[in-house]
Amino acid sequence: MAPLIEAELDRRHPERAVLHAKAATDFRTGWPALEGRWQQTMDRAAAMPAGTVDRSVDGEWTFAQTLRHLVFATDVWLGDAILRRDRPYHRYGEPFSGWRDRAPEVGIEVGAEPSYEEVLRMRADRTAMVRDFLATLTDEQLDEDGRSPFFTSGDFTVRQCLGIIANEEWHHHRYAVRDLDTIDAEPAGSGSSPDSRG
C-alpha cells in the first residue's frame, strides 16, 4: 500500500521529484519546482490579512517561524555539513525543539522575533545558496562525505544532506499550507493568537 500512496503523492505533487533524486541532474532540475511551490505559498500568505504570518494554529510554528526553520535546516545540512563554513548559522534560524538548548553555542538567538521582512531576506538568501550549490554539483560530489553537523552525529554523504533539505522543504510546505487553509476557513473576527513560545 505504501508504494501506491507514494506514487499518488508524486502524481499530485510533481515537486516531489526532488525527494527521489539520485543524480546531480535530478537535484538540479527538481529543486526549482519545490522552490516555486513555496513562492506561490508565500505570495498567498502575503495576500492574507495582516498578522497572518505570525499566527499559530494549534500550537504549531507560525508561517514566519516555519521559514526560519527552513533557514536553519539549510544551515545545518548545506552550510555546516556540506560547505563546512566556519559560521554557518543565521542568528534568527529556528532550530528543532530538541536542539534549542545548544543553539546559542553557534550564535542562534533563541526567542528572537525578527521582522517578517528580515525573515523573507534570510529565506531568499538560503534558497539562493542551495540553487547556487546545485548549479555546479557533480555526481562525484554526491558520494563525498559531509561534515557531521554541530547539532547531530553520524556520517552523511552530500546526497543524504541534500535529501534531508528537500524533505524538510516539502513536508514543512504541507504543514504551512494546512495551517493557512485553517486560517482561511475561520469565520471573520475569529482566529488563533500569535505564537508566544520562546
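Yeah, the Cβs are placed from backbone N, Cα and C, and that goes for glycine too.
Automated prediction, rather than curation, is the source of TrEMBL annotations.
Over in TrEMBL, the protein carries these features:
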- 33-175: domain 'DinB-like' (DOMAIN)
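Looking only at the domain 'DinB-like' (33-175), the predicted model's pLDDT averages out at 96. Shown for the domain 'DinB-like' (33-175): DSSP residue counts in helix, strand and coil, namely 85 helix, 5 strand, 53 coil.
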